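Trainee: Starting off with a structure, shown below.
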Amino acid sequence: MDLHILDHRLRVTSISKNGLVNFTHPLIKLIFLRNRTRCKFFSLTETPENYTVVLDEEGFKELHPSEHLKVESSIWLPLNVVSNGNSSSSSQAVGVTKIAKSVIAPLAQQHVSVFMLSTYQTDFILVREKDLSVVISTLEEEFNIYKEVGGESVPMHCQDVSNGLQKNGKEAMQPTVHPVLIPQNQFCVMSLDPDTLPSIATTLIDVLFYSNSPKEDAQSSPSQDVDCIKFFSFSLIDGYISLVMDTEAQRQFPADLLFTSSSGELWRMVRIGGQPLGFDECGIVAQISQPLADSDISAYYISTFSFDHALVSSASFFSSLQSRHKEKQV
């Protein structure tokens, strides 16, 4: 398999709910007027706590400093696995579980923190730029590694790294087993032709900036189910659009414009973290994705500024809970 280091340098940011009004204009510009911003990588995810915005340096210029804007200090690089043209059949696990054993687990063992962004088209593994040498030394035996430079793929090899653990400078730690919250709403992973984006502009703006969930302010225990959770994700990356929304939000959009897989799968969410997760903690994605991969269960994974979210196909949902329960007992 090939591993591509994409030609984007990304920032991970958070906009507070009560500060969104200060960023409505730049966000609408980034979503609908991408040719004016030169932003090639943009992702906006709403959760009950905040809006997580991941974007490249050109897009980041649009976000002015504010007390309502938090910016993670690191530069992040997106990695993408290409399976040499071999597409997965419907009977095989898709999403983050495809790369759980080959990418996620090895990086966790080397104490490399990752930030995951699954989309309709692919999975992006974000790593800190300063960890790149460790990433290459860890994965070069499994992958042909390329770095995209000016539209061309240039082979990359580990250089001047004698020991990845020493280079990373982190001691081995037992990953924390975080509590999870399991909302009742079902989600869709969908896409949209960018040319039809103006046709849903009013609806998209309403869902992103004006709709409120009655459960948004509920203070539920992270270990218990809740009726529903506010979660909506929009990504526009290299010209491809991906949307993640619950079935209630989906009904607001024209059915003939949004498309999903031929199976039309619905997904349940497992939200990881009782308290906001730290960016330096390693192994969170691995703890969730490894047992799912062992059970050949499909899943998408979306990290946000405060919490992580795994989307598991509804048909496999209870099997995934059993897998995770067994993992916790080990």
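The backbone N, Cα and C atoms fix where each Cβ goes, and this holds for glycine too.
I grabbed these lines from TrEMBL:
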DOMAIN    9-69  domain 'CASTOR1 N-terminal'
DOMAIN    76-141  domain 'CASTOR ACT'
DOMAIN    178-262  domain 'Cytosolic arginine sensor for mTORC1 subunit 1/2 ACT-like'
DOMAIN    263-315  domain 'CASTOR ACT'
Trainee: What mean pLDDT does the predicted model reach across the domain 'Cytosolic arginine sensor for mTORC1 subunit 1/2 ACT-like' (178-262)?
Mentor: 84
Trainee: Pull the DSSP breakdown for the domain 'CASTOR ACT' (76-141) and write it out as helix, strand, coil residue counts.
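Mentor: With helix first, then strand, then coil, the domain 'CASTOR ACT' (76-141) has 25 helix, 19 strand, 22 coil.
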Trainee: What does DSSP give as the helix, strand and coil breakdown of the domain 'CASTOR1 N-terminal' (9-69)?
Mentor: 23 helix, 21 strand, 17 coil
Trainee: I'd like the per-state residue tally for the domain 'Cytosolic arginine sensor for mTORC1 subunit 1/2 ACT-like' (178-262) from DSSP, helix first, then strand, then coil.
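Mentor: So the domain 'Cytosolic arginine sensor for mTORC1 subunit 1/2 ACT-like' (178-262) is made up of 20 helix, 25 strand, 40 coil.
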